[in-house]
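Q: What follows is a structure written as structure tokens; I'll ask about it next.
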Amino acid sequence: MTTTTMAGTPVAPAAAKPWYKVLYVQVLIAIVLGAIVGWLWPTVATNDWIKALGDGFIKLIKMVIAPIIFCTVVSGIAHIQDAKKVGRIGVKALVYFEVVSTFALVIGLIIGNLVRPGAGFGNAAANEAAVATYAKQAAGQKSVDFVLHIIPDTVVGAFAQGEILQVLLFSVLFGFAIMSLGERGHTIRSFIDDAAHAVFGVISIVMRAAPIGAFGAMAYTIGKFGTGAILNLIGLIATFYVTAALFVFVVLGIIARLAGFSIFKFLAYIKDELLIVLGTSSSESALPSLMEKLERLGCSKSVVGLVVPTGYSFNLDGTNIYMTLATLFIAQALGFDLSFGQQLTILVVAMLTSKGASGITGAGFITLAATLAVVDPRLVPGMAIVLGIDKFMSECRALTNLCGNGVACVIVAWWEGELDRDKLNAGLSRQIDPTDMETAITTD
């Protein structure tokens, strides 16, 4: 196996870029500057144009998510000659998702019971109108509605509205259809492969705006909510961040070690995506570039195309930790002593409601409303307690979700025997520049 660029030339070790041209450095500086502007000049930071910088960047990313998923999934399936292989990858991915998601939920419950961050909490000023908005959205969420929602009314509508699961369903069916064509499908397979490279080219252009988007999003957040907004609830925030770190470095670290790679080197490899997510609070904003990097890291196109998009709805580890911790915190703050049976109910309910939480900012808060309503409707008003700091917790949710899905893809590829060890080692040892958008492909 040799590693080449799209032009067919060997990939040399990446030359070091000047520090100020490195994307993650630019994003990190932008986040710090945004926080300073939001703190010192909140009136300026909450201007609609500042907010538009962050919102605009997220919209640019979301603009290409549907075509990226379509091209990668269709291409991955269409190039597989064995239909059973697709099903095998899907089953392995779902098994992994459920096992690891359960670990995330259990860790959240254990830490919440040990630390009890909501114990002795004073009465919070309820923002009933804002809570009612989330509760109303959650009220209509039923399992049957979630299943039916996966099926689009029209294919065009699925793409136009950016519904990931709907696009994924159509892409899988379309990929199988091309597979069944055999040699007759060669032309359309080649066209979709070329289209995928073109869309990734769009991503490389859009990513240049990441520092601007991160600056706007962070400035607006600090300017609107202020540093004082988190002081009363710093215990919950700290508990959540520590729990998420424990999950990433211990649970995912052990899983990564079993597969033969270091979680620390992997996180260093995806540092650009982590910082983009930190600035935008949306794990979805890093989906296209994450898929590109995982292919360069040695995961096969078929595994990346199936596992990553599916994981954004079925493998939200950060959201799982958040829901168990936040539910316990609200119950403790309101003086409810949840029984062991009720806490088991949290596990079961959260396992279901989290499946509808996409990588969009704020989706975790809506699923929290759904979980509280099922566990005990009296807990729903307590959402007002965490409403003010949800924005500060959403960064950690999104970061953990991103880490979980990245590791999941590598693990499933390793489990399926579709992981190129040479490319994995080269990528994690930085012999291949992960920021180079000239896609490294594997040739026999």
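Just so it is clear, glycine is given a Cβ too, placed from its N, Cα and C backbone atoms.
I grabbed these lines from Swiss-Prot:
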type	residues	note
TRANSMEM	22-42	transmembrane segment
TRANSMEM	60-80	transmembrane segment
TRANSMEM	95-115	transmembrane segment
TRANSMEM	162-182	transmembrane segment
TRANSMEM	198-218	transmembrane segment
TRANSMEM	236-256	transmembrane segment
TRANSMEM	321-341	transmembrane segment
TRANSMEM	346-366	transmembrane segment
TRANSMEM	399-419	transmembrane segment
Q: Would the transmembrane segment (321-341) count as touching the transmembrane segment (198-218), i.e. at least 3 C-beta pairs under 8 angstroms with sequence separation of 6+?
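A: The answer is no, given that the two segments have fewer than 3 Cβ pairs within the 8 Å cut-off.
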Q: So, taking each listed stretch (95-115, 162-182, 321-341, 399-419) in turn and counting its Cβ pairs to the transmembrane segment (236-256) that are under 8 angstroms, which one gives the highest count?
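A: Most contacts with the transmembrane segment (236-256): 95-115.
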Q: Under 8 Å, at least 3 Cβ pairs, sequence separation 6 or more: does that hold for the transmembrane segment (399-419) versus the transmembrane segment (95-115)?
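A: Contact between the transmembrane segment (399-419) and the transmembrane segment (95-115): present.
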